[in-house]
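What follows is one structure encoded as structure tokens, with my remarks underneath.
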């Protein structure tokens, strides 16, 4: 990995050495993407591309290229964002799998943001008890988070990702070309997961943001290196702990509080923005518990602010957010578990913090 943080980015392959080893390949263009999909899918005869509405043209182009290579390729359009991750949407996908005759030898392609890769992975995990899936994420958030690591799932009225399974992809295709047309708000939101990787593991990431926040949002600046670094952090964790029994919990930094904000806001908040305020709350919680310094918390605010991420949330009372946090999948024995930092780059768990600590962190995080 280069240290120049420049645009001289060459194709990069990051191996995720977990239960079923696979590669995340970072490059530019649909030609590269098609070639990597064919390589990863192996003897597949049939492809189903599950995609979001804005990606209909890219799905059609990919389908055309797969057909030209001698394969049957089908497309199925799903709703945008979290509205795609429902039991009804999953049932519609299963119907399409049956209609096009998808067998255990075939491959699903998840084309789109995190909701598309989450749903496509869930369909692949459940159709005929598991078929191959290749993820082709098209948002920054999906590239560095949702598409890597094998988590799949759909939402229920009770909460986010409560139904799902672990089902690793055969490959993840990170096509930097799609970032050229990604709305700025999506680029900013996706940055939250990269910043998170810096706070929990690779502190070099934080230095890159501090040196030039604008270059960190530029597909021809330092962003490609940041993407690779964030994926490497996740790959290193997932290789040790696929199913979130221990180490993988550190990837949830900012997520316990962030998911509560998302749920309370009925998913109107972008995931990255919610995780950003979650990191502030959890940094303030660590400070209240005597772990982090005021300077460490300020560093959180400064970096998140520098790329346009939210650093406070006052849309709900703490008790309302605690009710949502009480349903978090990481909880054990009725106690809410938080990922916090002992120091920058060194995460730990804080289980069942006192109401006094929670209220102090909440007051500080909303600026009270």
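Even glycines carry a Cβ here, placed using N, Cα and C.
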Problem set entry | Among 167, 271 - the residue Swiss-Prot places in the same Zn(2+) site as 193, 255 | 271
Problem set entry | Rounded inter-Cα distance in Å - residue 80 (NAD(+) binding site), residue 193 (Zn(2+) binding site) | 20
Exercise. Where's the emptiest Cβ shell within 10 Å among the binding-site residues 84, 116?
Worked result: 84
Exercise. Restricting the comparison to the binding-site residues 193, 255, 271, which residue's C-alpha is spatially nearest the C-alpha of residue 84 (NAD(+) binding site)?
Worked result: 271
Exercise. Which of these binding-site residues is closest to residue 116 (NAD(+) binding site) if you go by CA atoms: 193, 255, 271?
Worked result: 271
Seminar exercise, completed: Quick note, residue 139 (NAD(+) binding site) and residue 271 (Zn(2+) binding site): C-alpha atoms separated, nearest Å, by 12
For this session: Name, in the order they occur in the sequence, the residues of the same chain whose CB lies under 8 A from the CB of residue 271 (Zn(2+) binding site) and which sit 6 or more residues away.
Result: 114, 141, 189, 192, 258, 262
